[in-house]
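Pulled from TrEMBL, these are the features on record:
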type	residues	note
DOMAIN	A:52-125	domain 'Phosphoribosyl-AMP cyclohydrolase'
BINDING	A:D99, A:D101, A:D103	Mg(2+) binding site
BINDING	A:C100, A:C116, A:C123	Zn(2+) binding site
There are 2 protein chains.
Amino acid sequence: MSSENSLFKDLESASPGDALCSVTALLDAAAFNADGLMPAIAQQHDTGEVLMMAWMNRDALEETLQTQRVCYYSRSRGKLWRKGESSGQQQHLVSAALDCDGDTLLLQVAQTGPACHTGRRSCFYLSLSNEGVTVNSEPLIDPAELYAKSSP
Amino acid sequence: MSSENSLFKDLESASPGDALCSVTALLDAAAFNADGLMPAIAQQHDTGEVLMMAWMNRDALEETLQTQRVCYYSRSRGKLWRKGESSGQQQHLVSAALDCDGDTLLLQVAQTGPACHTGRRSCFYLSLSNEGVTVNSEPLIDPAELYAKSSP
């Protein structure tokens, strides 16, 4: 554990209501990976459904906190990705939390329609068990229709 | 997208009830990272609470599916880590799902007591907002007591 993470050690004994550090100080100590990224889990705030996991760099997280519209970092495209900019299916931030060792984010969001590029509500649709693989949900929207919206 | 991932492309149009591939075939095509690891999100199966995110290699996932006791890969210790082996706070698997591009797992679990090494139920206890950082929960158990249990 690096010395920066003594901040996370200090926070372990904090209680709700305590005056803590700024978001800037916390993100200075947070454990972005070697590519400057951190996994961010998106959970629908009212139903508890886990919708997806994507990556954020510090810019994406700061933009998300400022605008309340969820912005990730697309590793395949190498740039910021405002969720829904192609599909129209945006995510609005309700709240954000960092975990105990400062290397993962949990976002409570209000998701418009499907979060998954397949048109399903959640990306986690491939169930695994000792009996094999099954699909646990149907698309809400045909993905062809989802991405046609962004074409001219 | 690699050619293996044509399996994930094919699965996009599958429906619940379809006869699909084996878990072995799916994991052969899954996108473990360069270190052979994949993020695994643990969600309490009945309350929907997101408890933690940790990493699994293929051995950890296969053991988890076989034994129904959640086993992660500890990056700091460089070995398999059966959740609760130090703290006594085990996770039992209820169900597991892989996401649409085969690079993240969602585990529905039954967690005994706190999931977090700080004694809190969830690791995601540091809330971030434009107003600053706050702690959103108290420990269920003093962590000194949690880890004393594993001492001789």
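Cβ from N, Cα, C; glycine included.
Sequence-distant neighbours of A:C116 (Zn(2+) binding site) (same chain, 6+ residues apart, CB-CB distance under 8 A): A:L51, A:M52, A:S122, A:C123, A:Y125.
Ranked by Cβ neighbours within 10 A across all protein chains shown, the binding-site residues A:D99, A:D101, A:D103 are led by A:D99.
Note: the domain 'Phosphoribosyl-AMP cyclohydrolase' (A:52-125) comprises 10 helix, 29 strand, 35 coil (DSSP; helix = H, G, I, strand = E, B).
Residue environment of A:C123 (Zn(2+) binding site) contains 25 other Cβ atoms, counted within 10 Å of its Cβ in all protein chains. Here the domain 'Phosphoribosyl-AMP cyclohydrolase' (A:52-125) has a mean pLDDT of 96 out of 100.
Within 10 Å of the C-beta atom of A:C100 (Zn(2+) binding site) sit 21 other C-beta atoms, taking all shown protein chains into account.
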